[in-house]
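First the structure, in the form of structure tokens, and then the observations on it.
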Amino acid sequence: MQSSGHRQRDTEQHQPLLSADNDPEAGAGPLCPPADQDGLWFIQDGCGIVCGVVTWLLVLYADFVVNLVMLLPNKSLWYSVINGALFNFLVVMALASHLRAMLSDPGAVPKGNATKEYMDSLQLKPGEVIYKCPKCCSIKPQRAHHCSICKRCIRKMDHHCPWVNNCVGEKNQRFFVLFTMYIALISVYALCLSFLQFYSCVNDQWNECTDFSPPVAVMLMIFLCLEAFLFLTFTVVMFGTQIHSICNDETEIERLKNEKPTWERRVRWEGMKAVFGGPPSILWFNPFTGLRLRRLLMTRTRRSGVEFSV
């Protein structure tokens, strides 16, 4: 309120939100519904769910072709064991990263916290301006943006990715980067194994280098190569973009809007340590770091779909 020494503004209308005319105590009613409590969530977006399922199916298809078409029929036991172990390890890490990116809170601002009681508890300095998102009725922190799909304001929102059915923001950017990295490694590995398999089968009898008939084996490996090439192109671009954004402490939205930084930028290693947590370590590449298995209680929210409170 103006009379309380601070101002609150609507981020879209740029007008004072609280004044003597709409004071809740003056009979205008509360500004927003009570703030909800958030946990691990799953966004009920049809496009995102389809993209997430397709991602898993394509990764599992690559795992099927590599293991059953190329490695198991191979005459060299050590070749099959070593490559099978490495490839399946990368698959597990990629799918784990995908799950963490999809089910982790990306940095959502509590919904409906723009109430008079909450504002009074902030103890703002005289003349200080705070902003409210008119869509999710929340106090909007610096560098937060509203996602129309998640229906929430997300801290340091980079973009909404349908392939993980979630926003990429302050709390899950690390998992998205790991997901793109492991998918790129899987793609390169699958291409190398496919080329070796083609070379081996051309020199030997096709019936001896695979348990599948030659036409079926060729079609399966050709589709795998196309999939791997497309995934490699996409993930390398996304991985490079994410690393560039982290090192420059600038989200994709801020770059596209050409927003001038009003914050103290973390550069290079400082930005990497902020996203991945702590100094350089092998734990940076572990998507299971910080995972705590607890009993998940499924709850429903009015706008964000199904969320899981821990």
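All residue numbers here begin at 1 and follow the chain in the order shown.
For all residues, glycine too, the Cβ spot is worked out from N, Cα and C.
The domain 'Palmitoyltransferase DHHC' feature in TrEMBL is assigned to 132-258. Per-residue confidence over the domain 'Palmitoyltransferase DHHC' (132-258) averages 90 (mean pLDDT, predicted model).
Among the features that TrEMBL reports, region 'Disordered' is placed at 1-30.
If you look up TrEMBL, you'll see 47-71 (among others) marked as transmembrane segment.
As annotated by TrEMBL, transmembrane segment applies to 77-96 (among others).
The annotation transmembrane segment is assigned in TrEMBL to 175-196 (among others). Listed by sequence, the residues of this chain that lie at least six past the ends of the transmembrane segment (175-196) yet keep a Cβ under 8 A from its Cβ atoms are 59, 62, 65-66, 70-71, 83, 86-87, 90-91, 93-94, 97-98, 100-101, 104, 161, 164, 168, 221, 224-225, 227-229, 231-232, 235-236, 238-239, 242-243, 246, 275, 285, 287.
The list of residues near the transmembrane segment (216-239) in space but at least 6 beyond its ends in sequence, with Cβ under 8 angstroms from a Cβ of it, reads 58, 61-62, 65-66, 69-70, 177, 180-181, 183-184, 186-188, 190-191, 194, 197-198, 201, 206, 210. The annotation transmembrane segment is assigned in TrEMBL to 216-239 (among others).
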Spatial neighbours of the transmembrane segment (77-96) far in sequence, C-beta under 8 Å, 6+ residues away: 56, 59, 62-63, 66-67, 71, 178-179, 182-183, 185-186, 189-190, 193, 285, 287-288
Tally of DSSP helical, extended and coil residues in the domain 'Palmitoyltransferase DHHC' (132-258): 76 helix, 19 strand, 32 coil
